[in-house]
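Chemist: This structure is in structure tokens; I'll ask about it shortly.
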């Protein structure tokens, strides 16, 4: 998951150009925003910074603004999909954007559902995803999260930050607030993604991707 030196220099330059600016985080999902912004809850439990939030530590050079944007459902490999979505979002916003895409890949199915997990989940629910592997001994899978970042300038490349978490597909348990999380258990844990989500965040693919971007950008 490392980056070449040239990519590192590019990202540092981007961070400097973003300092003090707002970046649109493309999401209509409050759960995703909560994951990304992290500790934005006061001592009384009241949410802080609704609308415009500082995330990922006090050294993060930018402010995120959550915005729902209708994007086409692109097809292809995960990186290709992330880049296309990010470019289209930047075109609509006419400025810097951050787009998140998550895949769930089953080893026994050659990486499927992959970027099409949304549609599998809609039809099958977590129970059906688990049953897909009923005829296979190999229950291993991995979650791949990609954050795509654009400066808003169409002439500049989209930067990708990837986080990957290996685990197993298990019988779903717990709440159903996070899509396929009830049936994915990260390696080294006895909990699924949806159980004890706060302490597990560092082990999730989004958490890993954000840690990578944190190390490169600030």
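Think of each number as a place in line: the chain as shown, counted from 1.
A Cβ is built for glycine as well, from the same backbone N, Cα and C atoms used for every other residue.
According to TrEMBL, the protein has these features:
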BINDING   27, 28, 29, 30, 31, 32, 85, 101, 102, 178, 179, 180, 181  ITP binding site
BINDING   73, 101  Mg(2+) binding site
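Describe the structural context of these features.
Modeler: Its own atom aside, the Cβ of residue 102 (ITP binding site) has 20 Cβ atoms within 10 angstroms in the protein chains shown. Following the DSSP three-state reduction, the secondary structure of residue 102 (ITP binding site) is strand.
Cβ neighbour count for residue 73 (Mg(2+) binding site) (all protein chains, 10 Å cutoff from its Cβ): 10.
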Chemist: Whole-number Å only: compute the distance from the Cα of residue 101 (Mg(2+) binding site) to the Cα of residue 179 (ITP binding site).
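Modeler: Residue 179 (ITP binding site) has its Cα 13 Å from the Cα of residue 101 (Mg(2+) binding site).
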Chemist: Helix, strand or coil by DSSP: which one applies to residue 181 (ITP binding site)?
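Modeler: Residue 181 (ITP binding site) sits in a helix per DSSP.
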Chemist: Based on Cα distances to residue 73 (Mg(2+) binding site), point out the closest of the binding-site residues 27, 85, 102, 179, 181.
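Modeler: Comparing Cα positions, the closest of these binding-site residues turns out to be 85.
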Chemist: According to DSSP, does residue 85 (ITP binding site) sit in a helix, a strand, or coil?
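Modeler: Reduced to three states, the DSSP call for residue 85 (ITP binding site) is helix.
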